[in-house]
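What follows is a set of notes on a single structure, which appears directly below.
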Number of protein chains: 4
Amino acid sequence: MTPAKPLPAYLAQRYHGWRATTFQDSMQWYRRLAEEGQRPRAMVISCCDSRVHVTSIFGAEQGEFFIHRNIANLVPPYQPDGNQHGTSAAVEYAVQALKVAHVIVLGHSRCGGVQGCYDMCSGDAPELEEPTSFVGRWMDILRPRFEELPQGERPDRLQAFEQAAVVTSLENLMSFPFVASRVEAGELSLHGLWTDIAEGSLLAYDPAGSAFKPV
Amino acid sequence: MTPAKPLPAYLAQRYHGWRATTFQDSMQWYRRLAEEGQRPRAMVISCCDSRVHVTSIFGAEQGEFFIHRNIANLVPPYQPDGNQHGTSAAVEYAVQALKVAHVIVLGHSRCGGVQGCYDMCSGDAPELEEPTSFVGRWMDILRPRFEELPQGERPDRLQAFEQAAVVTSLENLMSFPFVASRVEAGELSLHGLWTDIAEGSLLAYDPAGSAFKPV
Amino acid sequence: MTPAKPLPAYLAQRYHGWRATTFQDSMQWYRRLAEEGQRPRAMVISCCDSRVHVTSIFGAEQGEFFIHRNIANLVPPYQPDGNQHGTSAAVEYAVQALKVAHVIVLGHSRCGGVQGCYDMCSGDAPELEEPTSFVGRWMDILRPRFEELPQGERPDRLQAFEQAAVVTSLENLMSFPFVASRVEAGELSLHGLWTDIAEGSLLAYDPAGSAFKPV
Amino acid sequence: MTPAKPLPAYLAQRYHGWRATTFQDSMQWYRRLAEEGQRPRAMVISCCDSRVHVTSIFGAEQGEFFIHRNIANLVPPYQPDGNQHGTSAAVEYAVQALKVAHVIVLGHSRCGGVQGCYDMCSGDAPELEEPTSFVGRWMDILRPRFEELPQGERPDRLQAFEQAAVVTSLENLMSFPFVASRVEAGELSLHGLWTDIAEGSLLAYDPAGSAFKPV
């Protein structure tokens, strides 16, 4: 038998508070969203990290963003091999079924996944090299970028690696035929962002200069 | 060259509003979270659906929840085959690296992924049967449950299927050795929830009666 | 010999109920808090009054708030004279050792300590003037504010006095060098609140207009 | 001007949730408590530590406990010298004005204040020896007990020191004439408790054997 436990009491209490206020205030809208279906304008791909709240940063309400969150906001390349690809499924659903107008990839500072990849590429994290390491194999998506990092101090190189993860995801998104064709038809635009958790800053990728610049 | 575009102006504007208000009010805390690292109490696995806001429902702030979002809040079984498993990587990172105390799987009403799987299993969505359908292959995780659905009207069966997705994820979580060992050691607890978007209700899975009951 | 008595049975019974339910549900988290240490985001200074439950009002769980409670939620001015200052010790520990991001002073309606001070200042409570009155001497912290109270009915003046106690504490907090320097560095923010017990309302101090306004 | 800031938004949101649920459900009782005044059965003296929730452990509702919280749950000896003694004021108000039937001192494991005192007494925390250290001077209340600690490992000695803090407070309470007279008249009883945060255990002081035993 699945050993599920009751919800901790403090979460149950907070839920009842939400239902009596936020939900009550917006009930009609939530009902319409339920009955007519969602119609999000954008898909956001961000990290699982508890310090990244994309809905807070963008003041987004229920119904606005279709959000996929995984380790290090990575999109793998297009691989239609019949295996399970959760991220690719999310991209497919957002673009093909929901016809979102934007796909936004949001990276961030102090990313544990990117740091693990950096250590792995530096030979300092042999446990992540194991075939059985899910985190290690997932971060393989970013691995080829390690050679391209600029020289410098570790914090600067980590930040460059985090931003490289965003660019990698953008490039891999373009390897999906249904993404590329919509982008070329002007029906979909891609956006790369990186936020500094401590500073609250937000940079956007500018392909012209291959650089991240303040929004 | 990656065809990234500037951020839509309305989002840039909202970001600047967030930075001038919410971020200013909590800057010190965000800096500490950045410097000392996150210590989330729980991992939440929920759907990408734009109508599900787990942080809102639970009044959760930056730092509280490590959140993975994918299509239909599914966890695949443990498969340490060296391939890329984004969901398994997120679970591994939350449990092994962050040592969260709770993993909460949150399902919801009107789930497009579950509905697609239902149609596929009913023979009404041949396109999802294609090997190249990422959504179809992803929803294969839930497929075996179709046979177990109770007789009845389509809406009731869909709801039962959505709740079966939560239970499937809980069961698959237990197939991960590092999850099972921590659950058995009393260091980790699993929780299954399902929310009705239109009603704002919240049900929790009770393994005793294999039923979902109001929180 | 210290004449300690066994715990009243009804409290022992409730404790066992808590341990079998709330504690069981959250045991893992409490263990981590014990092993890794607390990291509260905020210090709250509130009154001992049995009708003020700051954790309930804010849905706060173990680990969120470092709470000091004394008569009338008062902070004395900075006096590093080598004597025992319990409130100053609590502030020092919260700010210097725990590096909290917020200090919240929470006042409330019908405060017995403030009422005693009001009567003392009005000449109606000579017993509080005695050097041996601990409550009287403690309320001396608020005494200078009596002259500034607006004219009006006693209940309105008492409420103004309660709110003046909050402002006094905020001002006295700023007399601590380690508070002032962190506030000026943007590493700590101060907040003044006042709650009406009967109405369940919550007002916040706005220094711009020197007024308390609904949250 | 006092630099008070607005309340962080997540706390404002949770407050509104509390007001719409818990407060609404109990409004009449809160109004009576406001109009007729509090009538708490017990005073509890516990630590500011964010991991100690006395109301949760004892399932206590608004109105039940008059709660003073300071560093290490210490009560200083009776010193009617006309200076400000916040803890003594709280004890005086609880016993003289509110006529509580019980005073409960609640100590706990992993107490940072007690640990600081231990290091100070061991010569490992010279900064706490400074006259300007509020924490150091406050912990002087416990200092004389250091010599009486049993030999052994540091964790065992720290636990003994935490429990000695409870006994010290009980003894100092008896130095207050208005406490001693009420205890001797059978109108007030004192209770010493110590809780292990990680285990959720609760021990009560038994003066007969000078030992703490499970409740």
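A Cβ is built for glycine as well, from the same backbone N, Cα and C atoms used for every other residue.
Every protein chain considered, the tally of other Cβ atoms within 10 Å of the Cβ of C:Asp49 (Zn(2+) binding site) stands at 28. The Zn(2+) binding site annotation in TrEMBL covers C:Cys47, C:Asp49, C:His108, C:Cys111.
In this entry, C:Asp49 stand out among the binding-site residues C:Cys47, C:Asp49, C:His108, C:Cys111 as having a C-beta under 8 A from a C-beta of chain D. When Cβ atoms from all protein chains are considered, those within 10 Å of C:His108 (Zn(2+) binding site) total 24, not counting its own. A Cβ within 8 Å of the Cβ centre of C:Cys47, C:Asp49, C:His108, C:Cys111, the residues given for Zn(2+), is found for these other residues of the same chain: C:Ser46, C:Cys48, C:Arg51, C:Val52, C:Ala72, C:Asn73, C:Gly107, C:Ser109, C:Arg110, C:Gly112, C:Gly113, C:Val114, C:Glu162, C:Ile197.
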